[in-house]
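Annotated features, as they stand in TrEMBL:
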type	residues	note
DOMAIN	9-245	domain 'Nucleoside phosphorylase'
BINDING	Ser15, Arg57, His58, Ser90, Ala91, Thr189	phosphate binding site
SITE	Ser170	site 'Important for substrate specificity'
BINDING	Met188, Asp212, Phe213, Asp214	substrate binding site
SITE	Val225	site 'Important for substrate specificity'
Amino acid sequence: MSSSNKPVLGIIGGSGLYQIDGLTDVSWRRVSSPFGETSDEFCFGRIGDQPVVFLPRHGRGHKIPPSELNFRANIDALKRSGVTDILSVSAVGSLREDLPPGTFVVVDQFVDRTFARVKSFFSQGLVAHVSMAKPVCSRLGDAVMSACEGLDIKVVRGGTYLVMEGPQFSTLAESKLYRQWGCDVIGMTNMPEAKLAREAEICYASVSMVTDFDCWHPDHDAVTVDQVVAVLMGNAGKARGLVKNIAPLVSQHQTLCHAGCQTALEHAIMTSPDARDPAMVEKLSAVAGRVLKR
Ligand SMILES: CSC[C@H]1O[C@H](OP(=O)(O)O)[C@H](O)[C@@H]1O
Ligand SMILES: Nc1ncnc2[nH]cnc12
């Protein structure tokens, strides 16, 4: 296996981040995937010398709700576009007093409470099990932390993101329960996105931008979209600064990720070569081509 790597930075922009500044050679193009339609066209460009591919997660104009996102098409098409590293930018509610609105949390764990989403590229005819013990990339996380230096951002490294199905916000009982579980922030989108990025051997880091205190906080009213959007307007500018700073740092990632994200399928495929469904093998040519072609 070659240990060299030509980094391509993928950015999945969440609520409030539907485009990014400072890209040159910009072109919006549709990338087709055997898993169906992506959320929108991808925005291809460069920041300095670094190739960048941007996808607004909910589509421009925010048309697709969390449960209807085609996560598999998005990740497969990013892989087909050569993306090696995904920076996910998300709006979240805070489950902790000391993570007030405006804080950026570089989360490192997830509790996946979603139940109405397809969560794997693999299925009958091609079975695989990847590790999700460490669901985000530490090398990309280091780059996020460095990129925040010099920007006026309160950033916290580490935290557990509870992924709820939505689209309604939590009940008070749920919000209190998630706090008891030790979760730090809550949102609706990072799963199965992070699982699929791992299956596709793409490094994944999530910057979760706190927009509200969810409903558990005695001094704050129930979450409303108005409130979330108001904080997002402030956060989106900071997120753009972060994106601009992280591109040259990702350019330096010329070797395969030492954390193992880019080799996650190495020992993951269970189905013996003679039992594999050829149609599945073809469908997974981008996601798993590295290990299936041998
Ligand atoms: C607009 S508040 C709820 C909405 O925002 C978050 O989305 P994203 O992670 O794409 O920023 C949250 O998960 C909900 O989908
Ligand atoms: N409180 C909250 N719950 C779920 N998703 C969110 N996105 C932003 N705030 C949120």
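Backbone N, Cα and C atoms are what each Cβ position is placed from, and that goes for glycine too.
Annotated features, which come from TrEMBL, shown on the structure.
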| residue | record | DSSP class |
| --- | --- | --- |
| Arg57 | phosphate binding site | coil |
| Ser90 | phosphate binding site | strand |
| Ser170 | site 'Important for substrate specificity' | coil |
| Met188 | substrate binding site | coil |
| Asp212 | substrate binding site | strand |
| Val225 | site 'Important for substrate specificity' | helix |
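For ligand 2, there are no nearby recorded positions; that is, of Ser15, Arg57, His58, Thr189, Val225, none has a C-beta under 6 Å from one of its atoms.
Taking a Cβ cut-off of under 6 Å from any atom of ligand 1, the binding-site residues Ser90, Thr189, Asp212, Asp214 reduce to Ser90, Thr189. Between the farthest pair of Cα atoms in the phosphate binding residues (Ser15, Arg57, His58, Ser90, Ala91, Thr189), the distance is 12 Å. Put plainly, the binding-site residues Arg57, His58 were compared by Cβ crowding within 10 Å, and the winner is Arg57. Once the Cα atoms of Met188, Asp212, Phe213, Asp214, the listed binders of substrate, are compared pairwise, the greatest separation found is 15 Å. Annotation: Ser170 are the recorded positions among Ser15, Ser170, Val225 whose CA atoms are within 10 angstroms of the CA of Asp214 (substrate binding site). Spacing of Val225 (site 'Important for substrate specificity') relative to Phe213 (substrate binding site) is 13 Å (Cα to Cα, whole number).
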